[in-house]
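*Asks:* The annotation Mg(2+) 2 binding site is assigned in TrEMBL to Asp22, Asp152. Taken from TrEMBL, the feature Mg(2+) 1 binding site covers Asp22, Glu66, Asp88. Under the heading domain 'RNase H type-1', TrEMBL lists 13-160.
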Amino acid sequence: MIAPNTLSDTNGTTNAVSIFTDGACSSNGQSNPQGGWGAVLLSASGHRLKIAGKLQGEPVTNNRAELTAVIEALSALKKATIVDLTTDSEYVMKGATEWLHGWKRKGWKTASKKPVKNADLWQRLDDLLGVHSVRFHWVRGHCGHPENELADALAVAGAEGESVRKYDTLAVDSLADNSKEGDHV
């Protein structure tokens, strides 16, 4: 496990990554739903990692797909990192910023003493939030935000069974090795 208090390199630079996540679920709430998750990770050095996959396990829902996208993106980080995470899921946003601590304090029960839905995923996310310093941001889905649209396309591809893990660089004139010191994705 990554030590939670290692958020700067030896040269004092801050480890920061921007992450954009999305989940997709066709036939959500119906028979035979197909779910997928996608994420775009952008490092300060201009490297981009695109990841996606098919939602595994039961039940297959849009909320589980959204949560899985966040979990997979944070799990892809090599070390403790300061993260700006953007999601179009109000469920993820409110769960992570408003509800999580109360659920945990109440033994993963809601205010009405019912078990928290998707508690297995919320517990995994809680563990990752103990490693990384994450600032959550919400963006309206399908409104032209480039990285959110890319995360959405990746999630749809994941729901269709495509598995993606692709590095590239955003700097047009740079062919830098994507495993450089200080890179976290």
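Placement of Cβ uses the backbone N, Cα and C atoms for every residue, glycine included.
Because the structure is a prediction, the values reported are computed rather than measured.
Could you place the listed features in the three-dimensional structure?
*Replies:* The secondary structure of Asp22 (Mg(2+) 2 binding site), as reduced to three states from DSSP, is extended strand. Its Cβ placed at the centre, Asp22 (Mg(2+) 2 binding site) has 33 other Cβ atoms within 10 Å.
Taken residue by residue with DSSP, Glu66 (Mg(2+) 1 binding site) is part of a helix. For Glu66 (Mg(2+) 1 binding site), the number of other Cβ atoms no farther than 10 Å from its own Cβ, over all displayed protein chains, is 29.
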*Asks:* Within the domain 'RNase H type-1' (13-160), count helix residues (DSSP H, G, I), strand residues (E, B) and coil residues, in that order.
*Replies:* 55 helix, 44 strand, 49 coil
*Asks:* Give the sequence-ordered list of residues that share a chain with Asp152 (Mg(2+) 2 binding site), lie 6 or more positions from it, and have CB atoms under 8 Å from its CB.
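*Replies:* Residues satisfying the criterion: Asp22, Ala24, Gly38, Asp88, Gly141, His142.
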*Asks:* Between 0 and 100, where does the mean pLDDT of the domain 'RNase H type-1' (13-160) sit?
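*Replies:* Over the domain 'RNase H type-1' (13-160), the predicted model scores a mean pLDDT of 95.
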